[in-house]
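First up is the structure itself, then whatever we jot down about it.
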């Protein structure tokens with residue numbers, strides 16, 4: 001890794017801006033929405049059986065857009081049952097956005113929300129120190145396992161937090177996505193550190209199998225328009241490139257040979273296709289649903 005490269009996560013405002021651009025340019029949330037509309041209701045049909053309150057834990061929930069969609073489906077599947085929703089999210093900006101979203105949302109009268117500004121590791125440490133293990137009927141970790149130091153330990157801990165019939169839902173980039181190729185080839189040259197791990201759903205499936213965990217996997221086709229990355233001086237393109245490489249100001253700070261190689265690889269068939277003159281990146285996701293033992 002070149003010591004002049006800094007993780008995008010070291011500049012929180014830039015990370016949030018690049019993430020918002022990523023969502024605008026990709027079908028990330030749309031493909032999750034399709035999954036929530038079609039497959040998700042069946043997945044949560046058995047959670048919280050015979051309980052008066054369904055306990056939910058969101059890890060790295062961001063601004064809550066996907067959370068509220070899932071809560072809506074859980075409400076439909078379990079009418080009249082109260083929901084306690086605990087949110088663990090390290091970003092103050094995202095928590096503010098989540099609270100604003102809740103304030104505008106209808107039909108949440110039976111749902112209580114509690115926000116905890118902390119990382120998943122901090123939450124785990126707090127639970128262990130207080131020795132007050134709380135069990136949850138549904139735990140979700142969407143696009144966040146890149147940001148933990150010890151993935152297998154994190155999986156084991158949150159799996160242990162599941163109540164009877166509980167489900168742990170994980171969403172990550174697919175092992176057949178453009179991300180996988182990009183990370184495997186260039187990860188050693190990018191600012192891989194305590195802030196970010198280059199891990200795919202394929203890696204998670206292997207870890208869960210080695211634990212003897214029961215789980216199911218679902219593939220979510222998704223793409224992202226990265227055409228602007230190839231336009232010189234285009235700020236949106238530069239921000240998207242930051243997000244793709246998890247590097248702060250990659251275009252300006254990366255060595256010329258690395259920059260050219262990554263731009264070349266982003267256009268390769270392993271990463272992208274060309275459609276109507278646009279470069280469309282393979283952003284495929286995988287959903288993994290883990291069951292309690």
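Numbering starts at 1 and runs along the chain as it is shown here.
For all residues, glycine too, the Cβ spot is worked out from N, Cα and C.
Keep in mind the model is a prediction, meaning the values are calculated, not measured.
Among 36, 139, 142, 170, the residue that Swiss-Prot places alongside 60, 89, 94, 120 at the S-adenosyl-L-methionine binding site is 142. Every protein chain shown contributes to the tally, and the Cβ of residue 89 (S-adenosyl-L-methionine binding site) ends up with 25 other Cβ atoms within 10 Å. A Cα-Cα distance of 20 Å separates residue 89 (S-adenosyl-L-methionine binding site) from residue 28 (substrate binding site).
A coil conformation is recorded for residue 89 (S-adenosyl-L-methionine binding site) in the three-state DSSP classification, outside any helix or strand.
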